[in-house]
Amino acid sequence: MYQDLIRNELNEAAETLANFLQDEANIHAIQRAAVLLADSFKAGGKVLSCGNGGSHCDAMHFAEELTGRYRENRPGYPAIAISDVSHLSCVSNDFGYEYVFSRYVESVGRAGDVLLGISTSGNSGNVIKAIEAARAQGMKVITLTGKDGGKMAGSADVEIRVPHFGYADRIQEIHIKVIHILIMLIEKEMAKG
């Protein structure tokens with residue numbers, strides 16, 4: 001009944017991944033991001049992650065597998081997803097939703113820390129404000145974006161962009177693969193000492 005639709009969806013997902021893989025710059029960006037994060041951890045820094053909707057879930061997934069575990073048992077790494085409901089609702093109510101991430105970055109972000117901002121469009125205003133706050137704090141910035149990078153293009157120390165212009169779910173599928181690879185590489189870097 002839906003076999004052709006299922007095949008089409010999986011083929012489109014495979015094609016999106018193949019297109020991402022063809023650009024060697026993406027491979028280098030993932031490596032640079034992992035080393036940047038590991039260097040921050042080694043120096044006593046932490047990572048703050050943020051995004052909206054599915055990207056928010058990805059930000060939480062990233063932090064959870066750093067503080068908990070990925071594939072192997074190892075010490076936890078300092079990672080915080082900006083996801084505290086009381087903070088999000090307070091700032092949304094008192095200041096506006098565009099400040100929910102930046103207020104948190106201003107409160108706990110420090111020089112030497114890293115912000116991971118995730119937006120499939122690259123146009124999420126609250127993530128952009130978080131990037132601005134991170135810069136003001138002396139933090140490094142990594143972004144996971146899609147399409148043409150949107151307004152976030154060029155705002156990060158390392159941008160990992162999925163140049164897919166269809167639905168956001170295809171971009172998110174690559175983002176979660178990148179997140180898992182980042183964690184694997186961070187573990188390898190941290191094991192070096």
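Cβ from N, Cα, C; glycine included.
According to Swiss-Prot:
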BINDING   ASN52, GLY53, GLY54, GLU65, ASN93, ASP94, SER119, THR120, SER121, SER124, GLN172  substrate binding site
BINDING   HIS61, GLU65, GLN172, HIS180  Zn(2+) binding site
DOMAIN    37-193  domain 'SIS'
Including all protein chains shown, what's the count of other C-beta atoms within 10 A of the C-beta of HIS61 (Zn(2+) binding site)?
17
At a 10 A cut-off on CB-CB distances, which of the binding-site residues ASN52, SER119, SER121, GLN172 has the highest count?
SER119
Average the per-residue pLDDT over the domain 'SIS' (37-193) and send me the rounded value.
97
Of all the binding-site residues given, GLY54, GLU65, ASN93, HIS180, which residue's CB has the most CB neighbours within 10 A?
GLU65
Quick one: of the binding-site residues HIS61, GLU65, HIS180, which has its CA closest to the CA of ASN93 (substrate binding site)?
HIS61
Let me know the DSSP-derived helix, strand or coil state of ASN93 (substrate binding site), please.
helix
Cα separation, SER119 (substrate binding site) to HIS61 (Zn(2+) binding site) (Å, whole number):
15
What's the CA-CA gap between SER121 (substrate binding site) and HIS180 (Zn(2+) binding site) in angstrom, rounded?
21
Cα-to-Cα gap, GLU65 (Zn(2+) binding site) vs SER119 (substrate binding site), nearest whole Å
20
With H, G and I counted as helix, E and B as strand and the rest as coil, say where DSSP puts SER121 (substrate binding site).
coil
